[in-house]
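Engineer: Quick paste of what TrEMBL says about this protein:
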- A:31-49: transmembrane segment (TRANSMEM)
- A:61-81: transmembrane segment (TRANSMEM)
- A:111-132: transmembrane segment (TRANSMEM)
- A:139-158: transmembrane segment (TRANSMEM)
- A:178-200: transmembrane segment (TRANSMEM)
- A:221-239: transmembrane segment (TRANSMEM)
- A:245-263: transmembrane segment (TRANSMEM)
- A:290-312: transmembrane segment (TRANSMEM)
- A:324-343: transmembrane segment (TRANSMEM)
- A:350-369: transmembrane segment (TRANSMEM)
- A:375-393: transmembrane segment (TRANSMEM)
Amino acid sequence: MTGRASTAPGRRVKRALGQAWERLSQGESGSLPVVLGLVLLWAVFQGLNGNFFSPRNLSNLSVDIVGTGLIAVGIVFVLLIGEIDLSVGSVSALAAAVFAVLNVNEGLPEWLALVIAVLAGALIGALHGFFFARFGVPAFVVTLAGLLAWNGLTLYLLGQSGTINLDDQGLVAKLTSYYFHDIAAAYGLAALGAAVFFLAACRDRRRRKAAAMPYRPLREIAVRTGLIAAVAFAAAYVLNQFQGLPLALLIFVVLVAALDVLLRRTPYGRRVYALGGGVEAARRAGVRVAWVRVSVLTVSGTMAALGGLFLASRITSVGQPSTSGILVLNAIAAAVIGGTSLFGGHGRTWCAVLGMLVIQSISSGMALLSIQSALQFMITGGVLLAAVVLDSVSRRSQKSRGRA
Amino acid sequence: MSDPPLLALRGVSKRFGAVHALDDVELEIHTGEVVALLGDNGAGKSTLVKVIAGVDPADRGVMEWDGRAVQVKRPHDAQALGIATVYQDLALCENLDVVGNVFLGREVRRVGILDEVEMERRTLGLLAALSIRVPDVRLPVATLSGGQRQTVAISRSLLGEPRLLLLDEPTASLGVEQTAQVLDLVERLRDRGLGVLLISHNMGDVKAVADHAAVLRLGRNNGFFDVTTTSQEQIISSITGATSHARRPPRTGEAGP
Ligand SMILES: Nc1ncnc2c1ncn2[C@@H]1O[C@H](COP(=O)(O)OP(=O)(O)O)[C@@H](O)[C@H]1O
Ligand SMILES: [Mg+2]
């Protein structure tokens with residue numbers, strides 16, 4: 001709701017710039033730093049190795065971000081209420097194991113095994129939420145217990161076989177191997193995204209105008225839409241240079257957009273944010289705190305299970321959950337690097353996408369340059385630290401301004 | 001009096017561990033009346049407000065609304081009766097903007113989606129009606145000053161036509177002009193027929209707007225006065241405990257010791 005209308009263009013620009021600066025210094029920097037960081041990162045990698053921007057590399061990157069990215073979206077929900085979920089790595093491994101055992105070992109149809117695996121994740125999340133909300137055990141302790149317990153259950157399920165290979169032509173394998181080769185798919189998605197944004201902004205503008213309230217000038221809406229369309233069509237162009245729109249990316253983008261609407265445009269989402277901004281204030285306003293907490297951890301468990309299936313799909317096998325430790329850290333790092341506050345109440349689902357792009361770009365760029373993973377971890381750690389410092393500083397500056 | 005009081009508390013008690021925060025407290029508030037609730041720090045004033053608002057229900061005692069016994073176990077119960085509250089602390093969500101805070105828990109929606117335009121319009125209307133100035137209703141309240149937050153909390157409480165307003169030290173963080181505005185507002189609300197329970201440390205404020213003053217001391221009733229006929233010294237001495245009053249002052253024998 002920046003940029004109020006109906007002044008001379010010059011003054012308007014000045015005012016918009018002023019407001020942008022105001023927001024920045026008030027700790028509402030949002031995603032601007034990570035977007036700038038990402039551009040910088042890409043410029044450096046492209047400078048060092050011309051293959052970074054190759055359609056193949058970018059297309060693979062866009063599929064590689066999906067598994068962990070879905071998990072990170074769940075983490076965004078949990079961070080928004082000022083909590084943390086440490087179990088997501090284990091839950092995602094367990095969901096993949098549940099799917100593999102039911103489908104491969106027990107012969108259940110794929111769709112049914114998939115639904116059960118996702119429901120298992122939801123149920124586990126709800127269970128965590130119940131212990132957190134009902135007994136007041138901090139969420140990080142409950143989910144730490146979950147991390148261990150679900151890891152154990154996964155080991156038990158995979159017991160005899162150790163590793164289970166999935167059908168590489170199956171439904172789950174297709175999640176990350178299917179591409180819409182028709183170039184209309186990628187361009188269509190880009191056009192749809194821009195059109196929806198434009199129409200929603202126009203509708204908002206019309207209603208505000210009708211109610212005699214400040215509204216965004218048409219030119220500003222056009223510029224914003226243009227920006228979104230430019231990014232979306234550039235991405236679509238690159239994807240079409242390789243195999244077309246990946247199914248995984250389509251699912252990811254649609255889910256992230258839908259959950260963004262849920263968080264920012266519905267009363268439920270408003271209450272999620274409210275919990276992060278003051279649990280007691282929310283409770284006094286009549287928000288059913290326990291219920292919101294349970295629901296948020298349920299979302300986190302569900303997204304972890306979904307992410308686990310995408311990760312299994314990428315390697316078409318389900319093995320011992322040895323990597324779930326780094327997985328949960330990557331998911332949390334993605335959410336935070338993308339601009340979600342660790343202190344609760346600030347962030348969007350798109351943060352998970354941006355953060356995953358940063359993490360995956362580092363990993364992919366380093367691989368192209370044949371740099372060891374030791375350095376890769378250290379750099380990702382440095383980026384995370386920078387994001388957290390930025391978060392703390394902006395929260396603090398906001399506080400000191402407010403109390404002044 | 002034939003009309004039953006808007007709100008009556010009978011024998012309300014609440015403990016926090018070993019602390020008797022409220023001990024057998026009686027209170028009546030009628031429509032169109034401002035009752036000041038006075039008492040030293042720790043006397044139990046905020047605890048009483050939270051009991052009435054359903055935030056921290058009492059352990060024992062009866063609450064009557066329009067003469068009928070009611071159960072207020074959750075904030076929602078109190079809101080449904082028409083009780084609105086401005087708390088002393090922790091009243092707002094720092095990260096939400098002014099509009100979000102005003103409508104928290106009572107969001108306006110169209111087909112399940114938040115109607116931001118309508119909520120912003122009504123917030124602006126509410127603030128204008130109270131002649132409250134806030135730089136931008138789309139700024140998070142964390143960026144507002146103490147006084148501005150207080151005015152947001154007050155306008156929030158007036159949403160949805162309450163019948164009883166509980167104000168816990170609403171002027172504590174306000175400047176002279178804003179304090180006068182809030183007191184003005186209290187008078188206007190009284191004239192509109194609302195009941196108001198006003199907690200304040202400022203005897204000037206109390207003298208200016210309150211009809212009656214109820215004093216709490218160490219969690220117990222310590223006097224119920226008609227503000228117009230009682231001297232300030234008398235009220236202060238019952239706050240500090242220099243004089244001890246009947247524990248259950250009958251409403252008819254108001255005039256003090
Ligand atoms: N949540 C709580 N837990 C424990 N003790 C409390 C709590 N809230 C209030 N008290 C105690 O109850 C008494 C009354 O407090 P309060 O109602 O805040 O007083 P006042 O608002 O009159 O200054 C004090 O002794 C206070 O320490
Ligand atoms: Mg108090």
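Every residue, even glycine, has its Cβ placed from backbone N, Cα and C.
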Engineer: Excluding the flanking five residues on each side, which residues at least 6 beyond the ends of the transmembrane segment (A:221-239) place their CB within less than 8 Å of a CB in that stretch?
Structural biologist: 53, 55, 58-59, 62, 186-187, 189-191, 193-194, 197-198, 201-202, 205, 245-246, 249
Engineer: Which bits of the chain, at least 6 residues beyond where the transmembrane segment (A:290-312) starts or stops, bring a Cβ under 8 A of a Cβ in it?
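Structural biologist: Residues packing against the transmembrane segment (A:290-312) from afar: 66-71, 73-75, 77-78, 80-81, 83, 85, 87-89, 91-96, 99-100, 114, 117-118, 120-126, 128-130, 132-134, 139, 143, 166, 172, 175-176, 248, 255, 259, 268, 271-272, 275, 318, 327, 331.
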Engineer: If we skip the immediate neighbours and take only residues 6+ beyond the ends of the transmembrane segment (A:139-158), which ones have a Cβ under 8 Å from one of its Cβ atoms?
Structural biologist: 78, 83-91, 93-94, 97-98, 100-101, 124, 127-128, 131-132, 164, 293, 297, 318-321, 324, 328
Engineer: How about long-range neighbours of the transmembrane segment (A:178-200): same chain, 6 or more residues beyond its ends, C-beta under 8 Å?
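Structural biologist: For the transmembrane segment (A:178-200), the nonlocal Cβ contacts are 221, 224-225, 228-229, 232-233, 235-237, 239-240, 243-248, 250, 253, 257.
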Engineer: What residues in the same chain, six or more past the boundaries of the transmembrane segment (A:31-49), come closer than 8 Å to it by Cβ-Cβ distance?
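Structural biologist: Distant Cβ neighbours of the transmembrane segment (A:31-49) are 24, 337-339, 348, 350-351, 354-355, 357-358, 361-362, 364-365, 368-369, 383, 387, 390.
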Engineer: When only pairs 6 or more apart in sequence are counted, do the transmembrane segment (A:324-343) and the transmembrane segment (A:61-81) reach 3 or more Cβ pairs under 8 Å?
Structural biologist: yes
Engineer: Give the nonlocal contacts of the transmembrane segment (A:375-393) in its own chain as ranges (CB under 8 Å, at least six residues past its ends).
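Structural biologist: Non-local partners: 29, 33-34, 37, 333, 336-337, 339, 341-343, 358-359, 362-363, 366.
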Engineer: Go through A:61-81, A:111-132, A:350-369 and flag the stretch with the largest number of C-beta pairs under 8 Å relative to the transmembrane segment (A:245-263).
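Structural biologist: Most contacts with the transmembrane segment (A:245-263): A:61-81.
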